[in-house]
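This report refers to the structure that appears directly beneath it.
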Amino acid sequence: MRVLFFGDIVGRSGRDALLKHLPGLKAELSPDFIVVNAENAAGGFGLTLEIANELFAAGIDCLTLGNHSWDQRTLLTQIDAEGRIIRPINYPPGTPGRGAGLYTKGGKKLLVVNVMGRLFMDPLDDPFRTLDAELSKYRLGGSVDGILIDVHAEASSEKMALGHYLDGRVSFVVGTHTHVPSADGRLLPKGTAYQTDAGMCGDYNSVIGMKADPAVARFVRKLPGERLTPAEGEGTICGALVTLGANGLAEAIRRCGAGRGCWRLNLLPHTPARAGAGEGGCPLVGDR
């Protein structure tokens, strides 16, 4: 089974880039499931149901969120009716929506769980114990064919700790939130694929997807300045493709991306599909 994941969509640039390049990636990589973090898809802040439906129509199976889940307040009253959108599972009990989704397609089942870190983030419930409780309901390679965990967190150390904690119990642990693609995609010792951050879908000629000048001014002048808005240049999409075996554990992970900024980021375009050593030092990890 193949699972394709893309990092945070930031604004229209990210949405347009994803919709432009996704058909080619689907045709070439033949993913069974596509999961995307969309917490910045609506003007850089949150997600609307209208945008979500546009993304679902393009073939995306699940949209994950994060600390900007409720920036678009309309989603609060709509998310319960849309099972393909999941918010962090460690929000307090009674929060609208769900933190995990089980998706079936082509006879295969993928569990997707969205969890938020606590270092330099909102003080939510313990992500480790929350994941323990959710994962106790499923058996990897049995009741589900794959399990993907989107760890929306600031600290690389917290993401890595969760990766090792879950090693052998889930298929893929991937970080989101920082909008910068990490070069550490690999298979952990017990068979879980891991990448600290998938990066973003957006304009990389920016400050994490936002227009550079206002962001720089905030650092230089130490004043609030104008409201941050998404950069509007041509977008690049960044993510990873994971191939799973019959037991639900990962056999290969490869970074993938498309768009004008792809080469500047040292990401391979979506060829070749075979795992191995990539151009530009891009690590494509195959068999352990």
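Note: Cβ is positioned from N, Cα and C throughout, glycine not excepted.
Unlike curated records, TrEMBL annotations are generated automatically.
Taken straight from TrEMBL:
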type     : residues             : note
ACT_SITE : H68                  : active site, proton donor
BINDING  : D8, E39, N40, H179   : Fe cation 1 binding site
BINDING  : E39, N67, H152, H177 : Fe cation 2 binding site
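Overlay of TrEMBL feature records on the structure.
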residue	record	DSSP class
D8	Fe cation 1 binding site	strand
E39	Fe cation 1 binding site	coil
N67	Fe cation 2 binding site	coil
H152	Fe cation 2 binding site	strand
H177	Fe cation 2 binding site	coil
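Taking D8, E39, N40, H68 as the recorded positions under consideration, the smallest Cα distance to H177 (Fe cation 2 binding site) is found for D8. Of all Cβ atoms in the shown protein chains, 19 besides its own fall within 10 Å of the Cβ of H68 (active site, proton donor). Put simply, H68 is the one of the recorded positions N67, H68, H152 whose Cα lies nearest to the Cα of N40 (Fe cation 1 binding site). The CA atom of H179 (Fe cation 1 binding site) is located 11 Å away from the CA atom of H152 (Fe cation 2 binding site). Distance noted between the C-alpha atoms of H68 (active site, proton donor) and H152 (Fe cation 2 binding site) is 11 Å.
Each residue contributes its Cα atom, and for N67 (Fe cation 2 binding site) and E39 (Fe cation 1 binding site) those atoms are 8 Å apart. Close to the recorded Fe cation 2 site, the chain also has D8, N37, L65, G66, H68, S69, P88, M116, M121, A153, T176: residues not among E39, N67, H152, H177 whose Cβ is within 8 Å of the site's Cβ mean position. For E39 (Fe cation 1 binding site), the Cβ neighbour count at a 10 Å cut-off comes to 29, with all displayed protein chains included.
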